[in-house]
Amino acid sequence: MSKEIAKKRIEELRDLLNTFNYQYHVLDNPSVSDAEYDRNMQELIKLEAENPEFMSEDSPSVRVGGTVLDIFEKVTHKSPMLSLGNAFNEGDLRDFDRRVRQGIDDANVRYICELKIDGLAVSLHYEKGRFIQGATRGDGVTGEDITQNLKTIKAIPLRLNEEVTLEARGEAYMPKRSFVKLNEEKEQNGEDVFANPRNAAAGSIRQLDPKIAAKRNLSMFVYGLANVEEKTIPSHSESLDFLGELGFKTNPNRRTCETIEEVIAYVEEWQEKRPHLDYEIDGIVIKVDDVALQESLGTTAKSPRWAIAYKFPAEEVVTRLTGIELSVGRTGVVTPTAELEPVRVAGTIVRRASLHNEDLIREKDIRIGDYVVVKKAGDIIPEVVNVIFDKRTGEEEEYHMPTHCPACESELVRLEEEVALRCINPTCPAQIREGLIHFVSRNAMNIDGLGERVITQLFDADYIRTFADLYSLTKEQLLQLERFGEKSATNLVQAIENSKENSLERLLFGLGIRHVGAKAARTFAEHFETMDALVKATEEELKTINEIGEKMAQSVVAYFDNEDVLELLQQFKEYGVNMTYKGIKIADLQNVESYFAGKTVVLTGKLEVMGRSEAKKKIEALGGKVTGSVSKSTDLVVAGEAAGSKLAQAEKHNVEVWNEERFLQELNK
């Protein structure tokens, strides 16, 4: 076959396959059999392999998955992906309607209602009609680049019907039938199954190997247009029509409503129809349709005033409580958990539900053998709502919390002003295991590849009993464990070695000192600079530090007044674990060349690791100026959790937005 003929045939096959994809995955109206589709795809793949000079990034063949990635790159959203306020009942919806009408002086308002797809929010960027990048929502400010995985989703067009530059946003999801099939395959292979379709979709999209995502049969509904060049669209409903014309899959079940009564009727209708859909929904999104009215209403500190998400009530089911088991946390708290006859709740099989503490068991009069009502709090965490007393037979057994720890047999105590029972034995194996899991976690030593499963394996094999034991692990020991090969063992040993270089605040937080969170750990690290200096500090010295109270000061002094802890610190030294603060102190910032010099910065939302007052001091010490509002003169917005109206202002004025992680990286350069 000549090059000219091959090129022509490749173009024909691409057009044909794009048409097939659109008919099947967007219109839900397939025109060819799977076998015919596969034959055309295989022919295209073969021709492109033989003629690589004709390969194109938007070829349908890229949907089978490409090169395995090493890591997902971070992406800062051009405009933040904000969350919505919630409504839980008819009264909340009427309050929303009242606020909207007050905000626009009772002008005529039309709402658009859409199904709230329970999947993974993503953004899609197109340049002159070509798909160039896709990213997860992340924290709303910064997400992860998942372009290669999104290319495997056939409902996402790789080339639009117009050469337009835009950003669309939507929800990637896994159809119920695909979820059932995937879990059946996992069970047959002896693998852990996914809890629900949402987790399955999120887990599939975040695979470093796009070929895995390609096999998972994901789909996507686009629900909004974040921005589009050289085009003004007056309403949200028209923007959805426009997206459909471009080739996107939009949900066909949307409806415009002239009154709040029509909105409520739509909500009730889909609450009934919900089980019959082939995808999960967890509510209804209601928006003011007119874009000009949206801009007039603006946003609050947390969410837009022109939209709200109605959350369906948590599904409640009845099952039998067959027993109560106990778990011991890293701080020694003993928590009771209900063992249940397996029952499906909100799309997943539930076998256990939290009972929180002994007082709750007494308050609800929960007994072993009772029939109980179970729901998922926030559609996530199973909990026992109440007992069905009418079903009692008299054979149910009252439950009494033990007097001794289920893990080590030490006597349990209830500390003053606490409802929880605690094991205060420092050598309790359950506490040690949970403490190890905390030590390696993301905000602590952040050891990649060391999660709960591996820690449990190492603990059960008696390879680790203290934090310091992690630093004596060898590749040979890891190779003795299930699911470890040469590469994974080598990578984990290297990750543990890398963690030795962490700054002091990570080590302090990882130790799990009572009352000391990530923010306090950073405060101590910056103030004392070395572990030795902190160990020698008195309670009075600690209390002089801003935001350190008596309880925390006493806890820190008591922690270090322990021979076992001092021995642990000595072992850290011998293994070469860094115990000094590597961050920048405010006093040292005056002479540092900094990005922040001459910049105007706005801080918004809750900063987890560094408080806003501390962040303000550091920015000012680096020559920056911190203001309380966003304007055209603002250079940067640093956004923590629950950031709201200032993000919208940043978008309006085209101001760069960083999350806390990006901010800390710049500070520590």
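In case you wondered, yes, glycine gets a Cβ from its N, Cα and C as well.
Since the structure is predicted, the reported quantities are computational estimates derived from the model, not experimental observations.
Residues annotated as active site, N6-AMP-lysine intermediate in Swiss-Prot, with sequence analysis given as evidence: K116. Annotation source Swiss-Prot lists NAD(+) binding site at D34, A35, E36, Y37, D38, S83, L84, E114, R137, E171, K287, K311, citing sequence analysis. The Zn(2+) binding site annotation in Swiss-Prot covers C405, C408, C423, C428. Annotation comment: Swiss-Prot describes 591-669 as domain 'BRCT', evidence class sequence analysis.
Structure coloured by features recorded in Swiss-Prot.
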residue	record	Cβ within 10 Å
E36	NAD(+) binding site	12
D38	NAD(+) binding site	11
L84	NAD(+) binding site	17
K116	active site, N6-AMP-lysine intermediate	22
R137	NAD(+) binding site	20
K287	NAD(+) binding site	24
C405	Zn(2+) binding site	23
C408	Zn(2+) binding site	16
C423	Zn(2+) binding site	24
C428	Zn(2+) binding site	21
Excluding C405, C408, C423, C428, which residues of the same chain place their Cβ within 8 Å of the centroid of the Cβ atoms of the recorded Zn(2+) site?
V328, G332, H404, P406, A407, E409, S410, L412, N425, P429, A430, Q431
Between C423 (Zn(2+) binding site) and R137 (NAD(+) binding site), how far is it from one CA atom to the other, in Å?
40
C408 (Zn(2+) binding site) to R137 (NAD(+) binding site) - Cα separation in whole Å:
44
Cα-to-Cα gap, K287 (NAD(+) binding site) vs K116 (active site, N6-AMP-lysine intermediate), nearest whole Å:
12
Taking Cα atoms as reference points, which of the recorded positions K116, C405, C428 is nearest to D38 (NAD(+) binding site)?
K116
